[in-house]
Amino acid sequence: MAPKNHQKYTIKNDIQHVLDCSDVYIGDTAPTARSEWMFDDAVNQIVWRPTTTPEALVRIFVEVLTNAVDNIERSINGGHELCKNIKVDVDLKTGKTSVWNDGQVIPVVKNCDNGVVQPPPPTTEQDRLAYEKLNREYIHTIIFGHFRTSSNYDNETDQVSGKNGVGVKCTNIFSSWFSVVGVDPDRKLKFSQEWRSNMTKSGAPQVVKCALKTGYTLVEYVPDFARFKLKSYPEDVESIFKKLVVDASAFFPNTAFFFNGERTVVKNAVAYAKLYYNLNETAVDSVVIDYKDSKVVVVGSATPLPPVSFVNGQITPAGGQHVTNWSRVIFGALLAALNGKKNVSLTKADIAPYFQLFIHSKVSKPKFDGQNKNCLKSPKVEAHLDATILKKMLKWKIISTIQDKVVKSKEYLALKKIECRRTPIVKVDGYDQANRLGPDSVLIVCEGLSAKSYAVAGIQKGLFNKKGRTYFGILPLRGKFLNVKNTTPLKIGQNKVVSDFIKVLNLKFNLDYRKATNYATLNYGTLLILTDADKDGIHIKGLILNLIHELFPTLFHRQGFIYSMETPIVKILHKKGQPTLFYDENSFEDWRAQHPELKHFKYYKGLGTIGPADVAAFFGSKVVRYHYDEATDAAVNSVFKDENANERKEWLGRFNPRVSQWCLDHHREAVIDLKISDFMHHEMIKFSYEDCRRSLASCIDGFKESQRKIIYAVRKKFRSNSTEFIKVAQLSGYVAEQTDYKHGEQNLCETIVKFAQDFVGANNVQLLEPDGQFGTRLEGGKDSAAPRYIYTKPHKILPYIFREEDDPILEQSSEGEPVHFVPIIPLVLVNGSVGIGTGWSCFVPQYNPLELIRYIEARLTSQDSEALLPAKPWYRNFTGKVAATGPGKFTTFGRMKQVDADTVRVTELPVGMWTDRFKDQCYSLIESGQLQQLVNESTVSKVDFTLKKLQDISALKLTTTLHTTNMVLFDRENVITKYDTIGDILDHYFQTRLAFYKVRKNHTIAQLKNTIQHNETKLKFIEKVLTDHSFLRQDDAAIVSILEKENFLKVDNSYNYLLNISIRSCTATAVEKLQSTIKGLTESLIRVQQTPTRQMWYDELQQLKQVGNWSEP
């Protein structure tokens, strides 16, 4: 059907078509709000900022700049003068914009004289006339003033930015004035021509002679601002244009680029990439990939940016084939590596925001999506990532960020599986659910089943104006509570203790509990933590607070949600009145020092030791309410995050265990408010310190806490009889009974066994004697028999190292155990020490006891002791070699000899390599074809391997390394100290032991004097009885009166020790014996008084050497 209205059809010329359809050629001419990359001179970086500068105004500049940049490649490929300079100038006031370049020049000739064979003339008269006119035009005129003309039409033309024959003509069309100047040094001519009014008016070409030896092309124009709805250039144009010049200078380093007279220097592609990042930001990781015709810079940064890409020097904002292929290769390799290590599947979308790609590809005959050339359509760009570059990238800091943020966020999604719907009954082992669930109910989380019994008894008394099972639920923790900051969500979900805790409270991940509606979904509105009053109890509180901080942080903002119930550690019993309770060990020790008469007190080792009678008095008497403050986040992270280890070292180094920064005993109120940050700094540090006490040895006695408890109990048990063996299992039970040890008797058994081991690499000096299989060098002691089958007793050397004379003056803890022993040789160097504590670890190698004794003897006799410092570690019965191989570094070598051309025999292994491990290593070499045969003739104590046709001796790994760079020990004040050399350790030990002898000497003199006086008084009393027969016929009061008048010595303010003397003690024989005793004591007193302390130590060392019977090093 014909249209009702006639439609008008018009034919537009090329110029009018471009002007009317600008979006087809150069984009929108109207000012529109968008964001654009710009160069900010103030901070010397590329920034992403909003702008209203028309897209088309930028495009017409790009067309001119691209022509100049294309000249770089043309000059190289054409064998012409290289393009050395490109100069851009922009006048914001007048709008005049110019681009100047040298290199390959446009010849100043007419098209017909260009030397190029022209196509046959058109057949129509009109086309023939146009053809002849074009042939009479200069080449400059054709390129810049005629549509669909371009040298790039030539299919042989390679790496340039396009070949539509439009390009720079668009600049001319959208300019009120346009000019081109060209110098041809070969023809010694200079060409110039101007156009006006959107290329509709052109001036005649001007050609003059020119003697310049360097040719150039200069394009200048003034935009037709009216067509862009502007009066002049916007202010940010300069920043936008300069950024485009900087782009080009980055990828063509052999050409100097200038913008408004100033050179834009970008050293390389990496320097260009870093222009996109804040200079104040921590230095980012980067790598450059050069592959075929592409140069790619990959930057690892948490600042998400889209890929920045170029083709032949021209920016491609929408990317294209080159971006797609490089992204696929780079992110594909990263994903394969990351997903291979994790239990979650990452995608490109997960990791791409953490990597910035800068891609520049030189592409032959590129095809774009349009004249704007925003996106490369073809050809396909090849991409490849070398394995060494991938390995480097996997070590970047940003990988840890991805693992922390992206991987964990995905893993936390998996954690949601442990959430449970709110059901009437939550089934968890040992859990007693409150009869009413909701915000008014209280969940008591306690430490094990024994603590549960305390809680069940206590809720009958009640707390928070509630009592009984109506509002109280009880969850006993049955297992290890994880530090959730240093583990994967997968492991968190697999931990039954944590998952039970989450289920019972009905906690939901990513829920904001600051909102009342979300808070009301919890099964309990209050969490009450009930643990033992020891350091492990503090640790459990900290772990629960850490879990909430990491997984449910908004609960910290619910004031009054988290409480802990405290119980006393000591109860003082008085004859009259109420008992005194202490919740802090230091405050108890202070009080005890002021009350030396204290005899009766009860020490509570845990909730299980609190009897039913005490529950009513203790339950709820001290409750701590935890508060979030601005320092909480940093405090929790500093205590629990692995990366804060160095911070914890400083933290522990400042800690004084004898001073409580926060003390419950200073608070009389029932509910005490405590900031979580204060709990971390003042309470958690007690556990961290205690953890180090368990893991790190003392510089003075060489013992960790459990080792010290064992020796204390052994000396106590075998004081009267050291000849009978005892089962290791029985001894561990005795140690646990006699000391304040709470960590399982199995650990004690292992430590007892190690004290008695005598194979190479174990003890240089055994402290316990073995009877049974205590382990061999076959498995490094792991092959010992079960503790119930093996026996031990003190080694004969034990009393010579730990002198009985020392016992009365050893500093004791509140449990009556030594804070540390003071052996007569530095055991920490004799037997070495290895341990890992909170923030600290330690390794001290072993040294020959004879060498250490010689050093001490030299210091005692004021000889040159420095020369006698042990030069290297020493291990008893080790027949290999120990050599210094660097500062603080020693290497131990096994022994091997060549039997014949095909056979070697190994007769010693390096320290720390066990026989069976070496055997397994050799079998692996046989399986891999590096060894033909192994003959094993080793015994439990000797190494003997014969190897046939070994290809590479180094594969045996017959060396181990010992270091003296991490000798971290407790000093005499129990402060964690890192010792740089064994000389430092020896000096600290020597000063301590020598001072100890002075104290011991004074104590011994006082004790001898007291004993002599006591015996002399007894002798005087006996002699009085024997000479005054009427003396005992009087009553007690008269006798006491006489004794007082005659100044008889009282003991404990009485004369009972005299009045209770038996008749047998009053015989002449007894008197003679007592006189002999007094004489012996007096001689001992004189001997002690006359013996210098240094001589005392020296003499005891001689006794030790005789018993030790050690071999020379």
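Backbone N, Cα and C define each Cβ position, glycine as well.
Packing around TYR789 (active site, O-(5'-phospho-DNA)-tyrosine intermediate) is summarised by its Cβ count: 12 other Cβ atoms lie within 10 angstroms of its Cβ, all protein chains included. When secondary structure is read from DSSP and collapsed to three states, TYR789 (active site, O-(5'-phospho-DNA)-tyrosine intermediate) falls in the coil class. Annotation source Swiss-Prot lists active site, O-(5'-phospho-DNA)-tyrosine intermediate at TYR789, citing sequence analysis.
The Cβ of ASN67 (ATP binding site) lies under 8 Å from the Cβ of VAL99, GLY167, VAL168, THR217, VAL219, each of which sits 6+ residues away along the same chain. What Swiss-Prot lists as ATP binding site is ASN67, ASN101, 150-152, 162-169, 371-373.
Following the DSSP three-state reduction, the secondary structure of ASP532 (Mg(2+) 1 binding site) is coil. Look at Swiss-Prot and you will find GLU447, ASP532 tagged as Mg(2+) 1 binding site.
Residues annotated as Mg(2+) 2 binding site in Swiss-Prot, with sequence analysis given as evidence: ASP532, ASP534. Counting only residues at least six positions away in the same chain, the Cβ atoms of GLU447, ALA451, THR567, LYS605, GLY606, LEU607 sit under 8 Å from the Cβ of ASP532 (Mg(2+) 1 binding site).
According to Swiss-Prot, the feature domain 'Toprim' maps to 441-563. Model confidence over the domain 'Toprim' (441-563) is summarised by a mean pLDDT of 91.
Annotated domain 'Topo IIA-type catalytic' per Swiss-Prot: 696-1101, in sequence order, evidence recorded as sequence analysis.
Over all protein chains present, the Cβ of ARG788 (site 'Transition state stabilizer') has 10 other Cβ atoms lying within 10 Å. Taken from Swiss-Prot, the feature site 'Transition state stabilizer' applies to ARG788.
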Residue counts (helix, strand, coil, in that order) that DSSP gives for the domain 'Toprim' (441-563): 56 helix, 22 strand, 45 coil
Densest Cβ neighbourhood among LYS169, ASN372, ASP534 (binding-site residues), 10 Å radius: LYS169
TYR789 (active site, O-(5'-phospho-DNA)-tyrosine intermediate) to ASP534 (Mg(2+) 2 binding site) - Cα separation in whole Å: 33
Candidate recorded positions LYS169, ASN372, ARG788, pick with smallest Cα gap to ASP534 (Mg(2+) 2 binding site): ARG788
Distance [Cα-Cα, Å, rounded] between LYS169 (ATP binding site) and ARG788 (site 'Transition state stabilizer'): 98
Neighbour count (Cβ, 10 Å) for GLY167 (ATP binding site): 26
Rounded inter-Cα distance in Å - ASN372 (ATP binding site), ARG788 (site 'Transition state stabilizer'): 86
For ASN67 (ATP binding site), the three-state class that DSSP assigns: helix
